[in-house]
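Student: Attaching a single structure in structure tokens format; questions to follow.
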Amino acid sequence: MSHLMNTYARLPVAFTHGDGAWIHDEAGKRYLDALSGIAVSTLGHNHPRLVKAIAEQAGRVLHTSNVYRIPLQERLADRLAALSGMDEVFFSNSGCEANEAAIKLARFHGHRKGIELPTIIVMENAFHGRTLATLSATGNRKVQAGFEPLVSGFVRVPYKDIDAIRSVAEHNHNVVAVMLEMIQGEGGINIADDRFQRELREICDQRGWLLICDEVQCGVGRTGQWFGWQHAGVQPDVMTLAKGLGSGVPIGACLTAGLAKGLFGPGNHGSTFGGNPLACAAGLTTLEVIESDGLMANAEEVGAAIRKGFAEALAGVPGVVDIRGRGLMLGIELDRPCGVLVGKALEAGVLINVTAERVVRLLPPLIFSKDDAQALVSLLAPVVRDFLAQ
Ligand code: PMP
């Protein structure tokens with residue numbers, strides 16, 4: 001019996017090494033990684049530049065403390081600010097921690113304005129993490145069940161429903177922020193349209209609310225832009241990152257601009273490991289490689305090839321509802337729960353997962369090639385077809 005706490009329904013496979021988009025298990029079987037650890041391994045496995053950067057940094061200093069200057073943190077913050085137009089960065093170790101910082105910022109912003117019970121508007125089907133505040137912000141009852149009392153100060157609206165937000169604005173004078181994913185990941189690859197994003201920005205401006213974009217899953221080049229909100233050109237006041245930022249090394253970030261800039265001072269927030277030099281070296285290298293190797297253009301091109309490939313391979317197959325996504329953040333929605341496909345795909349040699357019960361989720365590394373895309377379609381489409389034919 002394992003001494004691991006039983007918190008994951010783990011598949012009975014363990015991986016030993018990988019190369020690019022391919023990964024090998026203990027028995028020597030090779031798999032195409034179309035999940036990258038859920039949007040984590042941006043550069044694929046064993047990327048030589050990332051391996052070198054991590055090894056070099058490990059030979060210098062792993063970490064000291066945030067009570068000293070950490071030049072790599074300053075460099076990564078400068079880089080992220082230049083790419084996003086944001087002003088300040090707080091580094092954490094994960095997505096939920098980045099979102100905790102965002103939630104604290106929103107409350108701080110509210111108290112500055114004299115609002116004693118600051119409230120944040122959040123979305124149905126949102127996912128923001130599993131710490132108490134972030135699971136309270138998450139729009140999935142399964143994530144929350146058994147952990148009540150939830151953290152107060154959240155009010156929920158349907159995703160992309162601007163009228164619902166306007167209605168909350170009229171009745172609730174404690175609102176200080178809106179927090180959302182511009183492309184919902186766990187919620188089933190749902191994309192907020194450009195018009196909704198612009199109208200939301202307008203409401204936030206009119207009311208003095210912070211617009212908080214959780215880019216933990218869709219950020220860092222995955223959708224063909226550095227950040228999901230850049231498709232509509234709507235600048236958030238707070239943005240959170242994690243997952244793909246370190247391409248496998250744990251790092252998160254909470255960035256501020258506009259009304260959120262300058263809210264925190266010394267003593268307001270902190271993290272022992274947040275922004276340690278090893279993680280920052282991984283983050284900087286990830287951003288450098290995305291840029292130098294044109295990985296955002298690649299994400300767009302290869303993502304389009306995957307969508308087209310599945311559209312052709314699954315054309316006319318009853319039970320396929322929609323094939324959608326941006327760049328290399330893709331979903332194939334079926335008309336029935338399809339969790340069993342994860343195991344069937346594994347047998348066929350592909351790593352995928354299923355979210356929102358009915359959506360096959362594909363989050364390949366950004367180095368995925370057109371050949372990888374073709375391999376993905378030929379390995380996975382028959383699995384989906386067979387499942388739907390049952
Ligand atoms: N926000 C979003 C949009 C996510 O997809 C996730 C993880 N699935 C998180 C936050 C939480 O990130 P972490 O697991 O690193 O805490």
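Every residue, even glycine, has its Cβ placed from backbone N, Cα and C.
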Student: Given that TrEMBL annotates Asp214, Glu215, Val216, Gln217, Thr272 as pyridoxal 5'-phosphate-binding, name the residue from Phe127, Phe147, Phe368 that shares the site.
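Tutor: Between Phe127, Phe147, Phe368, TrEMBL records just one in the pyridoxal 5'-phosphate site with Asp214, Glu215, Val216, Gln217, Thr272, namely Phe127.
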Student: Among the binding-site residues listed here, Asp214, Glu215, which has the most company in the form of other Cβ atoms within 10 Å of its Cβ?
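Tutor: It comes out as Asp214.
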Student: Can you check what DSSP calls Lys243 (N6-(pyridoxal phosphate)lysine), collapsed to helix, strand or coil?
Tutor: helix
Student: Out of Arg130, Lys243, which has the highest number of nearby Cβ atoms, where nearby means within 10 Å of its Cβ, if these are the recorded positions?
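Tutor: Within the set of recorded positions, the most crowded position is Lys243.
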Student: If I take the alpha carbons of Gln217 (pyridoxal 5'-phosphate binding site) and Lys243 (N6-(pyridoxal phosphate)lysine), what is the distance between them in whole Å?
Tutor: 7
Student: Checking the spread of the pyridoxal 5'-phosphate site as listed (Phe127, Asp214, Glu215, Val216, Gln217, Thr272): what is the longest Cα-Cα distance, in whole Å?
Tutor: 25
